[in-house]
Amino acid sequence: MDRSTFILSLLFTLTVSTTTLFSPVFAGTFDTEFDITWGDGRGKVLNNGELLTLSLDRASGSGFQTKKEYLFGKIDMQLKLVPGNSAGTVTAYYLKSKGDTWDEIDFEFLGNLTGDPYTMHTNVYTQGKGDREQQFHLWFDPTADFHTYSVLWNPHHIVFMVDDIPVREFKNLQHMGIQYPKLQPMRLYSSLWNADQWATRGGLVKTDWSKAPFTASYRNFRADACVSSGGRSSCPAGSPRWFSQRLDLTAEDKMRVVQRKYMIYNYCTDTKRFPQGFPKECRH
């Protein structure tokens, strides 16, 4: 273990009480791991808890959240997005803490006209401040089959992944005065809702309600993570690989290829938005 990893591990031990160990959750069922929080019946758990669907119509969307809160971990979920003309809809899938100074790790999938590519929107909030958007066109049809969308969150960095391919990294640069999510536990949330005022072509394309209900599907949830409860966090026995995991050269190369080919917006290159200079993290 190198010095920086040792120091981060020590800080983690001091700030997170690990008095109770638990086994990681593998492919937890939706009826035991999640609560459907809104939608008046538009969210459904099916197939003995193995499948969850969210629906949106003109009256309402729907959403769910995990029963547990996590403080660091590797979170995986398979999603199949709204097919056909999904313009104006947003499928949000994200980790978020409570309060006015919340932390958040955010996937949003912006609906499209039939035949156009989906836009995958990512963002990181720290202490209630976001404005760190990166957007991608997916290199496959995310409505034809299930694909895995993952977040790796440890003391070193946050990594967004699609089918185990890293697409974005947000590093812990607290030594530069940049806030990093490390103290506030987060739940996993997802929702399907109407955002046609901005979601598709900046709001030019509105939701076609004749195509409703719109439906997104979820399966194969996995959380290999530290579970927070009552101010204490319980972590997997042993030394979980994800806790000290960094991107190796192969993973970095894959991420650069995705960013070069499929990234359509990066706040770190938006000179109109930041005429006085980019945020400090953009240099790393």
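From the backbone N, Cα and C atoms, a Cβ is placed for every residue, glycine too.
If you check Swiss-Prot, you get these features:
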SIGNAL    1-27  signal peptide
DOMAIN    28-218  domain 'GH16'
ACT_SITE  GLU104  active site, nucleophile
ACT_SITE  GLU108  active site, proton donor
BINDING   GLU108, HIS121, THR122, ASN123, ASP131, ARG132, GLU133, GLN197, TRP198, GLY202, ARG273  xyloglucan binding site
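Residues listed for xyloglucan, GLU108, HIS121, THR122, ASN123, ASP131, ARG132, GLU133, GLN197, TRP198, GLY202, ARG273, cover a largest CA to CA span of 21 Å. Mean per-residue pLDDT, taken over the domain 'GH16' (28-218), amounts to 96. Put simply, GLU104 (active site, nucleophile) is 12 Å from GLU133 (xyloglucan binding site) when counted between their Cα atoms. Its own atom aside, the Cβ of GLU104 (active site, nucleophile) has 19 Cβ atoms within 10 angstroms in the protein chains shown. Close to the residue listed as 'active site, proton donor' in the fold, though at least 6 residues off in sequence, lie VAL90, THR91, ALA92, TYR93, TYR94, MET120, HIS121, THR122, ASN123, each with a CB less than 8 Å from its CB. Of all the binding-site residues listed (ASP131, GLU133), ASP131 has the fewest other CB atoms within 10 A of its CB.
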